[in-house]
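Student: Below, the features straight out of TrEMBL:
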- D113: active site, nucleophile (ACT_SITE)
- D115: active site, proton donor (ACT_SITE)
- D113, D396: Mg(2+) binding site (BINDING)
- D115: GMP binding site (BINDING)
Amino acid sequence: MTSSRRLLLLPLGASLTRGRFSSYQIRNGFRGFSTVTSSEPALAKLEAKYAVALPECSTVEDEMTKIRHEFELAKQRFLNIPEAINSMPKMNPQGIYVNKNLRLDNIQVYGFDYDYTLAHYSSHLQSLIYDLAKQHMVNEFRYPDMCMKFLYDPTFPIRGLYYDKQKGCLMKLDFFGSIEPDGCYFGRRKLTRKEIESMYGTRHIGRDQARGLVGLMDFFCFSEACLIADMVQYFVDAKLEFDASNIYNDVNRAIQHVHRSGLVHRGILADPNRYLLKNGQLLRFLRMLKDKGKKLFLLTNSPYHFVDGGMRFLMEDSFGFKDSWRDLFDVVIAKANKPDFYTSEHPFRCYDSERDNLAFTKVDAFDPKKVYYHGCLKTFLQITKWHGPEVIYFGDHLFSDLRGPSKAGWRTAAIIHELEREIQIQNEDSYRFEQAKFHIIQELLGRYHATASNNQRSEACQSLLDELNNSRQRARDTMKQMFNRSFGATFVTDTGQESAFSYHIHQYADVYTSKPENFLLYRPEAWLHVPYDIKIMPHHIKVASSLFRT
């Protein structure tokens, strides 16, 4: 966990909806980069078709009739998935997606975080953190005993949410800092659009309001977001006054205690089969790097005994190297205190794992056989002479792991575990079907509002508007439910725009993928390019509404 959280949202540009297929491909026919369907021929055919079908519009009623006609045709085509969707390229769930060009042959040093980068955990971990934090709040902060009955709900939170410490709302924001209409909760109750506008005046979060928001960005934030919402809901149901800021501070302190006290570490190591996910490809990837002459270092905030226990468990079945994971790394640094590591001038201390104490001698060189605690980036660079773009660092937390290295000139790779599942859903015909439905209805609504003003709407026009809005909402709800029933997808909003979390990935990650070992799918000297048909997030594919019209 980290306390380095703030909202920073600046528009980078609008998504492109037209383009051509990129030539880059991964194995098995998957795309590793961005793909957008070229829709110009379909649109031209569509225009010709309707030019024959209906006379040129000269009045509002004529245009409404045409929109109604197109909507009725679309509804008939909504009954079956268009054949064209089946032929659209799939995105690779294990692909590497590129925000900034990266030449792997230039990378000589590979650095790794531990939690949710080298080590991946089962869903049971979130329940463990939730329960331990809940107990601490009841026992130490004197929260009501009733709170002990709370249970972690894995279907509620996603990564990248924001909590408003002033108003007590948990929300999802889009790329430009606007509140997702169906993704704002007070406790466990979803707020309506009217309630959001009543509280905030508008859905867009201004600078003053942004100061009260905290981002929940790392993988441990799932339990934190759920516990915040449950505590708020308890006070609401009990009709007790409370300060939303105090709720956040207490939950955050409890979560921090669970980690810093070692409670969660002891729980994981006591039952590693329950919490840790073994992966034989990890050792293969690390050994491949060593065989290619690359330097490797581990930089983590976790204590060494926890990392050592986890790595021994993860590698005990891999090639018989149970006790040799240390041989893979040239430098091992634990309790690094990121993100302060990147800006402080704290000295390194040599750690004696057998005696569990720190040496007092100055560290002016790194020994691969030793473990180091604390330290800072400035001294690290002075000792190793590893500078700039020859270094790439892998981490899961966009702020505490990647923002510092990015500013220091290192290349950065974000490890986002949920990316794999979300791409798998994106690839399903049922999702693309709903996305295409949403886009065609959105286009018809745009034409409707461009034609009819409020005082020009007849009863028939209003009926058409209601049908379009209802159909759009159904498509939006269906897509949302495929990802998460409360907040939808991590990377996009219900309307298909990129989320605020996507903005931060774009800002701090040169590349992103679901696991480090996905790099095994690429040659070690590969050049990873930003696709020329880039929208905002390279792994997104947008289904053209014209597929229903051709």
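Along the chain as shown, the residues are counted starting at 1.
A Cβ is built for glycine as well, from the same backbone N, Cα and C atoms used for every other residue.
Model, not experiment: these values are computed from the prediction.
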Student: Output, ordered by sequence, the same-chain residues six or more apart from D113 (active site, nucleophile) with a CB under 8 Å from its CB, or 'none'.
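Tutor: D113 (active site, nucleophile) has long-range Cβ partners L299, T300, Y393, F394, G395, D396, H397, D401, I415.
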Student: Just to be sure I understand the packing, how many Cβ atoms besides its own are within 10 Å of the Cβ of D115 (active site, proton donor)?
Tutor: 25
Student: Within 10 Å of the Cβ of D396 (Mg(2+) binding site), how many other Cβ atoms are there?
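Tutor: Counting Cβ neighbours of D396 (Mg(2+) binding site) within 10 Å gives 22.
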